[in-house]
Amino acid sequence: MTEGKSIINANLTPLPDKVGVDGLEDKWRTVWDEDGTYKFRNTRDRKAVYSIDTPPPTVSGSLHVGHVFSYTHTDVIARYKRMRGYDVFYPMGWDDNGLPTERRVQNYYGVRVDVSLPYDPDFKPPFEGTDGKKIDAKDQVPISRKNFIELCERLTAQDEKLFEALWRKLGLSIDWSQTYHTIGQHPQRVAQKAFLRNLARGEAYQQDAPGLWDVTFQTAVAQAELESREYPGFYHKVAFRFEDGTPIYIETTRPELLAACTSLIANPNDERYKQYFGQYVYSPLFKVKVPILAHPAAEMDKGAGIAMCCTFGDVTDVEWWRDLKLPTRPIIQRNGRIVMDTPDWIEDPAGREVFAETAGKTTFSARKIIVDKLRESGDLDGEPTPTKRMTNFYEKGDKPLEIVTSRQWYLKNGGTDAKLNAELIERGKELEFHPDFMRVRYENWVHGLNGDWLISRQRFFGVPFPLWYPVNASGEPDYDHPITPSEDRLPIDPTIDVPEGYDESQRDVPGGFTAEKDIMDTWATSSLTPQIVTHWAEPDEASKALFASTFPMDLRPQGQDIIRTWLFSTVDRAHLENKCLPWAHATLSGWILDPDHKKMSKSKGNVVVPNEPIEKFGADAVRYWAAAARLGLDATYDIGQMKIGRRLAIKLLNATKFALAIGREDENHHVGAAAEAAWNPADVTEPLDRAAMAKLALVVRQATEALESYEHSKALEVIESYFWQFCDDYIELVKNRAYGTPDEHGNVPSEKAVKSARTALGLGLDAFARLLAPYLPYATEEVWSWMHAGSGSVHRAAWPVVDPYVEAATGASPELLTWAGKAVEQLRKIKSEAKVSMKTPILSVALSAASEGVEAIHAALGDIAQAGRVVGKFDLVAKHAEESAAEGTPETEVAVEASELGEPPAKKPKH
């Protein structure tokens, strides 16, 4: 296709006998791969590149239609930008490390890690595949850490092939030569390099501190990974006693923590307890002496208004412990059970006996024992009363989190540094959020941070911290003086690799070294996706050129639910490392809801596998459903929308074939023979054709503005609305003239009028192929191949500009087409109400409309009469606004004043 001085030259191929959407995916996907249609060239400067930080989907089994939904939004923008002339950098990654992957591997192969076991090079898992069923830990075969990691790598490789096949079928215009795995060597090198630089600048640090702990997954959990869920429990009214035996009552939902109590806390303004501040009481059962203290965070209207502070029952306990410098009395282990040894602070013999009964028990079992003992001692006032409380859960867990003291790695994120917090708020203000109301979620999250980002995890399949520690003469690790590798050694696994100056024989012995065994949280790697895909800080020239042309990136598309995790953490990392935003724009997709308007998720079991609708309706139809939804808003899984999308794709094929076939008969009267065409806007001379071009110019302008603002659904709505009007009204109105068909009186349209119609049809359908290309890549590529053989893909063609359509319109109003369409609609209505064939002639008719409507209809009267088979008198009556108001007729409507039908055509005899 060439477009010089607004003339569009077309090379028309022979048209297929039958058209349809089935089979288009396989046909065009092969061509795109062979031609490198979506390959990133990287031959131009930064301004000519559009780079996308594509979300790497979590490799933990299967995708659902929610993924198809959000990734389609991104692909629409990628395709649009490519057609706008940008060299689009659109990579794909796989988030294949972390807890979701580990859990899938455990269930899929029926295994679990036992770090004490040696590596078995001949290990074969007991089975493969469990149809998503959870395998109990007691039934899982213990294997070494290395064997487990090998199984993780094997299964994720299988899953990634399936994911890629789905994305390709959906038509994502990914450059598949630009892929990465978050557990791969390059991402590991980036993650470790960034961490070492954070460490050198004092932004990463380790600390022994109380933190949230998931007893199921046996790992620490960050604030961003929390979910607050309603959890049933019981309030227990329990007596602490003064020296003289006088009781003071607290109410608690966790009596099993009585042995961990350090104090009683009340609000300093609570008149009920002011007299007791500074005094001491004894805990029930254990007889441990604890002070009564004041703290403003104590809630006067909650329970008894006075609470016990234990180490640790919840985050409030941590706050009180820290502010009031209370002792640490931990009794819960990392496995969620009570410690085996009776603590030294319990000195009372009877108290030590009670504790011994709870040792090694789960918190649930210990609670039952303690409540029974409180009844026996008389320290339980009444029976427990049921309650529901909001409790912290790990977002992927099913048990309430405990708070356990452990050594962990943290990264500064503004949670403890007011200056950094303010800087990250400012970064959020620099970022263009789409939709903009999502910005407040970012700001609320940053303002509400109460601690730095915990980035270490006590798991196995992840990026290792590139650290060792010296081991002193007593065999204890010196955590205050970590040993770091040089960057040119990265990536390293400290459990396998040896620090410089040491050898393997010195591992885990006095005077030697020991490895950091924790791994990085998966978000600690995912937060660096902009640096990973753009090859930040890599020494080779190709990587330097890639980084220069793609970073900072242009777009981060993602779900609204991970603003606090992925979006914020990526902003934090880029701010610390690159002193800038990682991208200029962020688009936030909503959730997909099931028919009951509940969020689709694998954990709820209400997901739809995307292969099903793609196979049934076609990729274009599924993309249409996804693209019709606005950013930031939830949408339902709607088969009806997919059917509309399929109908739209089929209509594009049929309408284009119909219009391109006009006037293309070879000597054997075969319709649609190969031909060349030049669609010159100057050849559009008829009023109706010019009106169609005027409307097209308006649509191109509105769609372009919407897509520039990342409003893909608004652009689709504008394009689709006019496409149907173009097909249902314009093509129907001009097809007789385009064919050169004589009217009912034998008058043949002029050559000029015929050319005007054919040119407008060509210009229009060429434009629609390009306008719909980001949404319906397969159907548009098919029709483009009929129009522009040999010119390459529609997805490398230029996005339409208004110039040729403005030139063709020469000042015409698009309203002329609207009025003409309404007039034809009334002519059809006359026949449908009379229950006669649409081919029935109208002997005479009078239509009324507002004066501007009459003027517009008159300008296209010949086309309207021929489309409606008006063979006789055709009168137009102008109505003033007052008349329309009196009759209750809208000023924008056309009405039938009088009509007379002729004889319906004779029915053809059946053979």
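For all residues, glycine too, the Cβ spot is worked out from N, Cα and C.
The stretch that Swiss-Prot tags with motif ''KMSKS' region', taken from the ranges 359-363, 439-443, 599-603, is 599-603. Swiss-Prot lists motif ''HIGH' region' at one of the ranges 57-67, 244-254, 266-276, 398-408, namely 57-67. Summarised by DSSP class, the composition of the motif ''HIGH' region' (57-67) is 3 helix, 1 strand, 7 coil. Per-residue confidence over the motif ''HIGH' region' (57-67) averages 82 (mean pLDDT, predicted model).
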